[in-house]
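Working notes for the structure below.
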Amino acid sequence: MGHSRRPVGGEKKSRGFGRSKVADVGDGRQAGKPQVKKATFETTKKKDIGVSDLTLLSKISNEAINDNLKLRFEHDEIYTYIGHVLVSVNPFRDLGIYTDNVLDSYRGKNRLEVPPHVFAVAESSYYNMKSYKDNQCVIISGESGAGKTEAAKRIMQYIASVSGGSDSSIQQTKDMVLATNPLLESFGNAKTLRNNNSSRFGKYLELEFNANGEPVGANITNYLLEKSRVVGQIANERNFHIFYQFTKAAPQKYRDMFGVQQPQSYLYTSRSKCFDVPGVDDNAEFRDTLNAMGVIGMSEAEQDNVFRMLAAILWIGNVQFAEDDSGNAAISDQSVVDFVAYLLEVDPAQVNKALTIRIMETARGGRRGSVYEVPLNTVQALAVRDALSKAIYFNLFDWIVERVNQSLTAREPVANSIGILDIYGFEIFEKNSFEQLCINYVNEKLQQIFIQLTLKAEQDEYAREQIQWTPIKYFDNKVVCSLIEDKRPPGVFAALNDACATAHADSGAADNTFVGRLNFLGQNPNFENRQGQFIVKHYAGDVSYSVEGMTDKNKDQLLKDLLNLVGSSGNQFVHTLFPNQVNQDDKRRPPTASDKIKASANDLVATLMKAQPSYIRTIKPNDNKAPREYNVGNVLHQIKYLGLQENVRIRRAGFAYRQTFNKFVERFYLLSPKTSYAGDYTWTGDAESGARQILKDTSIPAEEYQMGITKVFVKTPETLFALEAMRDRYWHNMAIRIQRAWRNYLRYRIECAIRIQRFWRRTTGGLELLKVRDQGHQVLQGRKERRRMSLLGSRRFLGDYLGIGNKGGPGEMIRNGAGISGSDDILFSCRGEVLISKFGRSSKPSPRILVLTNRHVYIVAQILVNNQLQISAERTVPIGAIKAVSTSNLKDDWFSLIIGGQEPDPLINCVFKTEFFTHLQTALRGQLNLKVSENIEYNKKPGKLATVKAIKDPAASPNVDTYKSHTIHTSPGEPPSSVSKPTPKAKQVAARPVTKGKLLRPGGPGGGPSKLASRPASRPTPKPQPLPQSQPATAQPIPAPQPAAVPRPVPQPVAAAAASHTRNASSGSVRAPPPPPPASPPAPKKATAKALYDFTSAQSNELDIRAGDVVQIVSKEGNGWWLCMNMATSVQGWTPQAYLEEQVAPTPKPAPPPPPPAAPRASPVPSANGAAATAAAAKAKPAPPAPPAKRPNMAGRKAVPAPPPAPRDSAVSMNSQDSSGGSGRGTPNSTSNASLAGGLAEALRARQHAMQGKHDDDDEW
């Protein structure tokens, strides 16, 4: 039911309609797995036109709905929602919104994430079927030409694309399902005045899926083919498409076998004088039909028989009659009858007799009576001819549908299904007959389903579930359905059957009887009886039906003469089309057409009521099939009879989602920690309380849901989408947990491997460098004094100190500037000096860079030119050109490369000279000529040998050589026979724990227990419970939960480390209890000092002290100043070291036993001599020393903020015997006053102890 079936031309285009979101309509379909694209912010998102959901309208009225649809239609937005009911307006043109890119954008998305679209309805149906295991159906309604067939095809397209399945049988099923569209459209669709591709039959396609949501089969049920179209059409309409396809594009084989000619040659295809459809290529459509037959699996013989029947129908229509002398019908052209007999493979005489003579029998007393042959007049003969044609085509169409179902039979068990109903729309013509009555009756039944499932059922359910609800008034069309189908009181169909039974011989008499029966319906407010016609007030409007010919159309029975004719055929396919044998003795009235359509409609309703429905309401914007025309009046009429306004009101006042407590809990129990544990259902209460708990734990507001008697009602779809998103996220979180644990384990393994590798490299990686260092001793052969630093055990011959061989960094810049080839291996690089001779001045060392490769020696200069650094190779010497290397026997770093060329030999000063000699000997493969003597020889000019003398100078700097006037002054070095010291042992440090991966305790191996282990258990593990009203799954017995363990105290690292190296003597399953934790170590003691003299600060960074004050030592400097802090005020500052006496805390001794009580003694009497002695002592007190001249510089030292005052430690306090707890600045009493000599002795002993510790550290180094 689209606008057109195929554009003229070879390229096949989409038949869809709607706004395109992708510019390229011709993108090919991407096979394979769907590509998940990275989410991006849509900066170019188009602004919404109107409202995309009619429930968001500020004013609810038919006019407001019409205005919104018109606004969106004018901007190519043809889809609009009413909740999850989709309203579609046919634009009669292809806007390219059904491309693969657009389809992928709706994959896995809910309704609110994407704009309204038929793909969204298909996605929702497929998701609900797969997630909730409920059968789904999509009911597409609307009048003829509104786009129902197009919507059905797009739903099939989407489901076939997203349903997955890489198996060949599943793909074959998809292909066959899609192939049913062109096949059934060719045989079941036709051009009408309102629609170029109108479905003239009803189709319910049921897609069958397995448990994985993959299509495994399908089944098609067809309803009431309009077979009268085979023999006649009104002007500007066509017969079924297949007749024009066959007559225009039949291959020569069929033209020769079946005498196929152009459509103008046949009465059945030329009566309406309409042979073509604008924009439709019948030749290309016929190729699609043949291809679809092949995909379905029709053999060539089956296809030949199908087209044989089509040719027979066309030729039967060309049989003409004329009156003979008796006024009876006679065949005008016997050759046509002969060819029809050839096609049906019957005797031509039997064809002649069946079309012109009717056999009648008389009954006598229940026995068979006489048989009479009654000639037919021309009118009766034409009716018999047309009846034969209609019967052949009707049965042929049923056979095609059955053949398709046979190919689509499921090959594996079916779990669920999705049904798609594509049935003819409501029709109102100038002359409406029995066909329109049946079509409109079926649409009334569909409207009744919509009312029952969306309006009435929704309100009834709210009342039944005791939900707070405001009732909405609506029109229930059940009265119209009863008017047509009821038997008591008799309806239209009952009156029609009665008329056919009582006046079956004469069609005119039967029609008059039918009119008389209709008078009994005159009291019905939805019915009006008029002269020769009657009016039924349908939901879509009042329709006037003509009574003429209705009884004949309702009989729908083939004369026994015609049944005998086809029964005598020699073609087995004809017998397949007419399988029932003629029962001559059967006197029962066969079912009429109205009986069949009523039974089919009721079966369809029963099928739809078993599934979860989705609705698409199609609207036809105009009757002219014009692309941009919007007829406001026509659309407003459709809005009214479709009941969109009532649907919007109920949707806004109702609930978007409702589900029984059991299914709700089964779906969402994972979202609450109280109803699930590790994926198991653990709730022990009933389903209703479980649902309440889930909604509570997911923080759903109370106004967003209501609890009914058996169901939970969720008000807005956003809430449901939020629950679904949280449920999906639960599984993502579980997967992330597993992934995180695995990645932690991998990180732990990698970290352990890295540590082993690091240790191995540290142990063995330096061996090669040590070999090179030892080789340097062999190069010198004990002929040259050594520097002390060269003999350190930690010395390694690394070679490329400047990183010339590295990629990036300054080394690469030097390499590029010097032009060093990338193929050269860098053996050595270092900064040094080269002796430069200048005219008129003495030679002077100048900085250079020395680079040794496996082929050259480069002397690289760095020069500033216009404040720009320029790097260039000042001298490039091939190593093969070096004849000798000359150096002195002292420890200096000078040597010369004797080349003997036209340029002077370079005299170089390099601190890593021995390493250079070693690498140069390696590059020369041991052919290095190293000259060691008292003088260094080199060619200052070509052929002019010059010498540089090296002398020992005790006054020279120990680490720097001095060159002056061809003399090198150097200090005495180590003996030439010296060798390198052994490699020092690494300083003992605490083992660093492996913390990556979070698999070990925070302290690492032997460390404290993990945080998880020390944290008390929150609750015991709950037992899994069976889901409500479900069979309990067989599971392994789960042990009873153990009581939560009491957390153990965290042991100290020392004790834990010791425990980690202790082997457990018992291998039994019961472990011995852990030893009690050791006592906590005492707090670290703070270094303090006692002020010996008063000191007044002269600068802001110095600290004032008074004699007897006790201050805390923050740091000690070697320049005679200590950084101290006043323990009372927390003020820091510098104090002269000579003014302080460092205090050493006494070692605590065990408390002695209490002394015996002493006898009381008299208080001493103060004498005058005591005061005099004190005054004398004050006069004899030595003067304080002068502070160091070099005061501390605070500019380069970062200020240390004063720490907060800490509680005094009595073990460190110098006034520990003072129970009053002074500030430390008070004068010590006479019993604790130490002499100055004693304090200095204690300070010396402390210093000696500290120095001893430093020496130990050096040894460890």
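Indices start at 1 and increase along the chain as displayed.
Cβ coordinates are placed from backbone N, Cα and C, and glycine is handled just like the others.
Annotated compositional bias 'Pro residues' per Swiss-Prot: 1019-1029 (among others), in sequence order.
Residues annotated as compositional bias 'Pro residues' in Swiss-Prot: 1038-1052 (among others).
Swiss-Prot lists 1072-1084 (among others) with the feature compositional bias 'Pro residues'.
What Swiss-Prot records for 1147-1159 (among others) is compositional bias 'Pro residues'.
What Swiss-Prot records for 1160-1181 (among others) is compositional bias 'Low complexity'.
What Swiss-Prot records for 1234-1243 (among others) is compositional bias 'Low complexity'.
For the domain 'Myosin motor' (49-728), the predicted model reports an average pLDDT of 89. Residues or ranges marked as domain 'Myosin motor' in Swiss-Prot (evidence: sequence analysis): 49-728.
Residues annotated as domain 'IQ 1' in Swiss-Prot: 732-752.
According to Swiss-Prot, the feature domain 'SH3' maps to 1084-1145. Sorting the domain 'SH3' (1084-1145) by DSSP state (H, G, I as helix; E, B as strand; all else coil) yields 3 helix, 29 strand, 30 coil.
A strand conformation is recorded for Ser370 (phosphoserine) in the three-state DSSP classification. Taken from Swiss-Prot, the feature phosphoserine applies to Ser370, supported by similarity to another entry.
According to Swiss-Prot, the region 'Actin-binding' annotation covers 417-499.
Helix, strand and coil residue tallies for the domain 'IQ 1' (732-752), in that order: 21 helix, 0 strand, 0 coil [DSSP]. When the region 'Actin-binding' (417-499) is classified with DSSP, helix, strand and coil residues number 47 helix, 7 strand, 29 coil. Around Ser370 (phosphoserine), a 10 Å sphere centred on its CB holds 9 further CB atoms from the protein chains shown.
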